[in-house]
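Colleague: To start, I am sharing the structure in question, which I have written as structure tokens.
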């Protein structure tokens, strides 16, 4: 295939020299200067290189060269005659000039100052380049002064604004924002500024060829709506390629051919243009032409393989011949070999259209059939401002076109996912229309949620395209969606926030703005908070963190009421690992926003306490303890001060409430439950029973004949109350119990328990005989401790025997006593004991301190003792162990007695 560009034949050097000499003799210096300044197009591009001349001469015969020389000689003579005629018309010789012309010239010279003044008075806006820089304030003032929109000044300003906006948008385009740039570009009148658009696209592509695929996609979208703009860009591209080929400008050929290749991939240009360009480049192969052809073939080779396999086979066959026959550089030979390897791999590294740029359907695209060798008008006049007498009419026409295109684009984006169901929708609409004609009303319920999907997509695009939350809120409110979609909008804001890698304050501010604007948004976010907390286990950790931080922001700014925390109930049963993580991040974020003092004050607000009952539970000590441990573990222990006080005061409150409960309940089940609760309250101080029992036995030695049940109740009280604190209330309690015990003793003496007493005396005597061996070494210790007045544990060892005797008495009397009387006595003793348990428990801390002090004194004393003292100390340890074992046996017997009393046989 031969193009018109390749049909230019060079002439001989001798003819050139003759013509040049004759021309120089006949022409003046001014004419020669004009000829040098003339463009290559006027000279018909005769400055070919010697290598091209040799290549053209190599394949032609002598006859054909002679014919071509004669033709060139004739053409040159004709051209010289034309130039001489033009020169004679424009600049006649001085002798031929008329005197009238000289007179007119002198008069025009006199009028020059006046014309200069007129030029100086021109408006800077009307100059070709827009004039000097005008400050924005002055420019706005000048625009306000212009009232006639059809005036020249207004059209000039709108032209300059159009040029700036088109250049800015073209320079900003990339793969990610191409859809947004297209929408903004269509807002401008690109029909009026199509020359500016074409020039901007070509300049941007030549400056950055790496983004050629992006510019090609942009041109493809514009071509689908305005085919004349795509045709203009393609014409200018072809002319640029031909210009670069004639000038041997490799860089211009590379950029232009690459752009053409991508336009062919986008179906803007036909594949015939590609084959013509490749044929031209490989017809007379040089290193540069082969390199341009290979680069061009890489970009559009896969497309040519699909649409024209015979054509691409011919191109590769030509490359193979060049590789074997032509004398080209090694680098170019290697490039040809690489090209064959790329073809063998199926052009896998050079796809037709990159992902994200296939934005136009094949049916919507308009393909231009523009051959390479035709003459095209680049329409450069479109690049320059020209006044339009019908300016406002054309603007209104473009507004109508723009509205149609943008509305069509919105419907296309909404129907991308439901393209398959479009026919069904049309059938349903037809059926609905027929039924309406018959007079029947039919309601169609859409179960596919197509409208919901399109609504969510619209919101997502609005959020992602906004720079700040105020702009986003303005865009969303401008959509004017129905009130039924309010909650869906709030859900979409939360979902967008959860999808981010890290929490962005943008979403918290956006949600807060909507909550402040309308009550419905606030109620929607309240419901979403409860739903999210109930289903928080479905979220990943990253999404959970973002959701918690967003809701913390809403509560901190008081966009949401704090009553939403009512749904949070802290306990081991009602929480999961996900909900605990949510509460942890939520409160840590609140503490970071507000500070611990303000957060604590808000949680102590009396008006909000009903909503914090689940968050700070006080109904059950177990839940209270769980909440305290939870907040302490997350570093917010300062929020649990009141819970700790409540947990300390809980036993006192329970003890104060139980006597009233016992008076109201008369059933045996209520009495047994009250006794079990009192026993559970007294079980906290069982660890100190050994010390308290020894002291109680020494003080109550005169009441050794007291009944078993009364002594047991007294021992329980003394176990709780004895310590280093000798308060008056405890003394009064002991005296009252002693009097009650004596009365009970007198009653029981009437019944007579002679046998139990004799057995008790025998056992006590045996016990004393067994312990008599240790009295010799126990005396000096007691003497030493009595002199020093140190309350240590060794002072109590001498009382162990008496305590054991009394405990044996209690066990025997419990075995043979009347169970009915025992239950009555227990009720009385329990009611009295429960009144003072809250007072007696206060002394436990003091007893612990005293025991620690006594142990320290024992350690100091044991360090200074001799070997004999160490032996005695070992004996004391043995006695201590025996006392522990005896106490354990006593406790087990007591438990057995209690079980017998609670058994149904005993109650009957």
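From the backbone N, Cα and C atoms, a Cβ is placed for every residue, glycine too.
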Colleague: Select, from 39, 667, the one residue given the annotation phosphoserine by Swiss-Prot.
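Modeller: Among 39, 667, the one Swiss-Prot marks as phosphoserine is 39.
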Colleague: Given the candidates 61, 708, 882, specify the residue that Swiss-Prot annotates with phosphoserine.
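Modeller: Swiss-Prot annotates phosphoserine at 61; the rest carry no such entry.
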Colleague: Looking at 571, 713, 786, which is the one Swiss-Prot tags with phosphoserine?
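Modeller: Annotated as phosphoserine in Swiss-Prot: 786.
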Colleague: Have a look at 56, 772, 829 and find the one that Swiss-Prot tags as phosphoserine.
Modeller: 829
Colleague: According to Swiss-Prot, which listed range is region 'Disordered': 364-403, 404-443, 444-483?
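Modeller: So the range that Swiss-Prot calls region 'Disordered' is 404-443.
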Colleague: Over the span of the domain 'MI' (454-570), count residues by DSSP class, listing helix, strand and coil in order.
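Modeller: Breakdown, helix to coil: 92 helix, 0 strand, 25 coil.
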Colleague: Which whole number is the mean pLDDT over the domain 'MI' (454-570)?
Modeller: 91
Colleague: Using DSSP, tally how many residues of the compositional bias 'Basic and acidic residues' (66-85) sit in helix, strand and coil.
Modeller: 20 helix, 0 strand, 0 coil
